[in-house]
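Noted in Swiss-Prot for the protein shown:
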- 387-412: disulfide bond (DISULFID)
- 395-397: disulfide bond (DISULFID)
- 31-159: domain 'Bulb-type lectin' (DOMAIN)
- 356-437: domain 'PAN' (DOMAIN)
- 43: N-linked glycosylation site (CARBOHYD)
- 125: N-linked glycosylation site (CARBOHYD)
- 243: N-linked glycosylation site (CARBOHYD)
- 396: N-linked glycosylation site (CARBOHYD)
- 1-28: signal peptide (SIGNAL)
């Protein structure tokens, strides 16, 4: 119509405003470029592809805060959970921002978190060679990464949050240690409390000093629980791992690294994470996108028999006996008086000495959590028969077992010290062959 000019500008503005309100995720981004910054005041976040994870600032109020003031952190959480927010990573867990002025930006090929006075409180501190510009990305699996502009390998990063776990292990993360270079050890450390993300009392760490590797749950520096060694399928001391049908477990043990990792198979609607809780339990927590309520799939320590060295040397724990601690056949309580008073931590001693020769025999114990492996040696080339012969010839040998239970069993684990921290299961576990004096094998 002549004389009427359609106001397309206002129409488009209104249209995009409506879209932004109704579908805010359409405009979300997972990248941070060198000319951008995330600030507390802007309330902007990075959202991973698939809308599962979100990175941004969050605050907590703790009793330890001066005057109960808020503390601010840069972290990653599940965007898909309703109600209580579930955090999976915190950058500055032990160096909080003490007011609502904080900035995350890229500076000199590193991510830097600045406080109100532009003082760095956290940084990736990248020291290698980078092709500028670099970008930061929150990936679909929850990994926050820094990469340079010339990298064509999508799995190669200058820095990644997966190398610096907090209290949570996500699918595709690794827990363990690199054996080359000066890369950090990857462990889980609990929050100090449910509302304080600073480092707590409990940690979950892979022991890599011996021939076999197993995880320990520590309270400060004291061992609370041991998983048992990896047996080719699962950790020997966690029989329930065989029931984790939707989890693919893997253990890497080579010249470059020793680490555990897992992935969720088949059903991508399932979210699973391992969490070292502030109360001292390693938890496997799972939920689905359709039912966001979190379920505790598994938690340890589960019972008294899970506690580290609860029965002492040459004794095993069994939840189906009373008392729960039992001396191995051919052994007697080291201190009978304390044993009768249910103080069994001293363990047991041999009732008959070994002859160190063919006069000794072996007691087969089924469905066992294998003893602590710090005093064990490994020979991957031989089987159970050769392992027995080797143990017979070694007067220091106290027991042996298969290293790997796959395909009927292979490899040899041989203990040369006290057998400690054992338990018997109703199902699962492994066969353990304990060297005993011939007299101990005679039926009573």
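Backbone N, Cα and C atoms are what each Cβ position is placed from, and that goes for glycine too.
Values in this document were obtained by computation on a predicted structure and should not be read as measured data.
Neighbour counts of Cβ atoms within 10 Å were compared for the disulfide-bonded residues 387, 395, 397, 412, and the top value is held by 412.
Cα-Cα distance from residue 243 (N-linked glycosylation site) to residue 412 (disulfide bond): 26 Å (rounded to the nearest whole number). The number of other Cβ atoms within 10 Å of the Cβ belonging to residue 396 (N-linked glycosylation site), over all protein chains shown, comes to 12.
Applying DSSP to the domain 'Bulb-type lectin' (31-159) sorts its residues as follows: 3 helix, 55 strand, 71 coil. For the domain 'PAN' (356-437), residue counts in helix, strand and coil come to 13 helix, 32 strand, 37 coil, using DSSP. A straight line from the CA of residue 397 (disulfide bond) to the CA of residue 412 (disulfide bond) spans 12 Å. Taking a C-beta cut-off of under 8 Å and a sequence gap of six or more, residue 125 (N-linked glycosylation site) has these contacts in its own chain: 110.
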